[in-house]
Amino acid sequence: MKQDFKVYVRLLSYLKPYWGIALLVLVGFGINAATEVSVAKLLKYIIDAIQEGSRADLDWFPLLIVLLVFFRGLGLFMGGYYTAVISRRLIFSIRQEIYAKLIRLPSQYYLDNSSGHISAKIMYNVEQLTAASSESLKIMVKDGLITLGLLGYLLYTNWRLTLCIFIFMPIIGVLVRKASKRMRKLSIQVQNTMGDVNHVVQESIGGQAVVKSFVGEEFEQKRFYKSSEDNLKRGLKMVIVQNLNSPLVQLVMAMAMSLIVWLALRPQILGETTAGEFVAYITAAGLLAKPIKNLTDVNEKLQRGIAAAYSVFELLDLPSEENHGTQTPKLQGDVRFDHVTLEYAGQVKAIKDFNLTIEPGETVAIVGRSGAGKTSLVNLLVRFQEVTSGSLYLDHIPIQDIELSCLRQQVAMVNQQVVLFNRSVRENIAYGQLEGAAEADIVAAAKAAYAHDFIMNLPQGYDTILGAQGLNLSGGQRQRIAIARAILKNAPILILDEATSALDNESEHFIQKAFDEAMQNRTTIVIAHRLSTIENADRIVVMDKGQIIEQGTHQELLLKQGAYFQLHQRNFEE
């Protein structure tokens, strides 16, 4: 419970920027609470006036009723509207904070968590969290003020009789506490299963071509049915707890009301109480049932929100990528791996005691079988992964001493899996730090990547929207857009991770010529299975199981007739 309180206090801290609006919420619901108490008071005056036959007083009551309803509506509008304003702004600000954290988390987080579960946190969980911090607060303020107002009126009218209500409060407290624990557990399960649902949807949509080609529609439908069914079952269990708790609380309140009515009818209790006072008291006691019911019902929203808050705050409290570097050098492209080891979870070593020096402007090709550690090696250069032991130097500076954004601004990378965004061709080439690049530079980069001609044949040329992942383009065209992006960056270090593997022979020929020129005076690391693309590299490094087993020029390695020779023969046969 102490931990829950801390979480709720943290939730409420998000309301600080909106304290002025929150004050209007308090005023609005305060007016509404006053009208609830006034209903009982008005009944007292009406009944007493009727008994006394006071015609002058009776003439005012219609106007008072209209005023009462008007102010009640005004209070509800103020409270409801400004609560909604806070709620929507909270969703906006928390989502911004989560997204800012997500894009700064280490790459390992994305390897350990599915995209479906991640998106569920930013969409579904934030909505649930807002229910705790704003919607629940709305009910607690509105019905809390009504409850306090009615209890105050009851105590003022007959404090001895009102104490009967407090006798039943511990029973209500026990019911709410037990329901809270159960609903918290179920809320976490509902959120997890919602992540599973999102995961299945994103996988099937992203891999729709594979689903169709392997006739996997029925299989994916079953997967979606199972994950949705799990979510449904846990949701229904929450409904059972919620709907069982509410009638039990109402039963306890009915018992309290019955006791009050029974005692109120005793002559010794009635005393000199007027009919108006008696009816007003019973009315106020009856009006108390609804806000108390609402306050117990809000517990379900509160528990869902707190469960979501644990999930959201857990993400927000994760450490961002380490960026303790303070140096911002203009790199020349000198790279040195000094006894570098990269170890994954489970003590699996992707790189083992690796030593390699690359001179500025040198083109080094790294080849090897799948799983040899080639991609892991280049990931270290942009700190997508961190060195487990040993040291990595750029221009004789330890890589961790270089400020992270400065480092990445000076490394251009064409990934094995091309990533394009649902934006224009121009925006995809001039992406990120390249935004605002001159049109002439963008066109020059596209021409160097032999992309300009096909871009000009698109419906709107450089303004053509590519669609999700650029699926409107062929594999070779997507690859050339990515290469144009890397060329435009004009970084001192260029990494080509199997960059020409998706190109047809003609495109590969032209792009290889473009790269031969682009690689001048630039340190280039090329990873490729198609060995024909790296024959002109200054040096070829052959890796196996995270270690260098051979290195030299193309001709030198062929003469050795070792591992590279075997890879070359296999490529030639293919």
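Every residue, even glycine, has its Cβ placed from backbone N, Cα and C.
Its Cβ placed at the centre, SER370 (ATP binding site) has 7 other Cβ atoms within 10 Å. Among the features that Swiss-Prot reports, ATP binding site is placed at GLY368, ARG369, SER370, GLY371, ALA372, GLY373, LYS374, THR375.
Feature annotation from Swiss-Prot assigns domain 'ABC transmembrane type-1' to 23-304; the stated evidence is sequence analysis.
The domain 'ABC transporter' feature in Swiss-Prot is assigned to 335-570.
The feature transmembrane segment is assigned by Swiss-Prot to 11-31 (among others), with sequence analysis given as support. Beyond its flanks by at least six residues, the transmembrane segment (11-31) meets 71-72, 74-83, 85-86, 89-90, 93-94, 129, 132-134, 137-138, 141-142, 145, 305-306, 309 of its own chain at Cβ-Cβ distances under 8 Å.
Outside the transmembrane segment (60-80), and at least 6 residues removed from its termini, the chain residues within Cβ reach (under 8 Å) are 24-25, 27-36, 38-39, 42, 45-46, 49, 138, 141-142. Sequence annotations record features per position, and here Swiss-Prot assigns transmembrane segment to 60-80 (among others) based on sequence analysis.
What Swiss-Prot records for 156-176 (among others) is transmembrane segment.
Per Swiss-Prot, transmembrane segment is recorded for 244-264 (among others), and the stated evidence type is sequence analysis.
Sequence-distant contacts of LYS374 (ATP binding site), defined as residues of its own chain at least six apart whose C-beta falls under 8 angstroms from its C-beta, comprise ILE366, VAL367, GLY368, ASP497, ILE527, MET543. Taken together, the residues in the domain 'ABC transporter' (335-570) have a mean pLDDT of 85 on the 0 to 100 scale. The binding-site residues considered are ARG369, ALA372, THR375; of these, ARG369 has the fewest other C-beta atoms within 10 angstroms of its C-beta. Residue density at GLY368 (ATP binding site): 24 other Cβ atoms are found within 10 A of its Cβ, drawing on all protein chains shown. Just so you know, of the binding-site residues GLY371, GLY373, the Cβ with the fewest other Cβ atoms around it within 10 Å is the one at GLY371.
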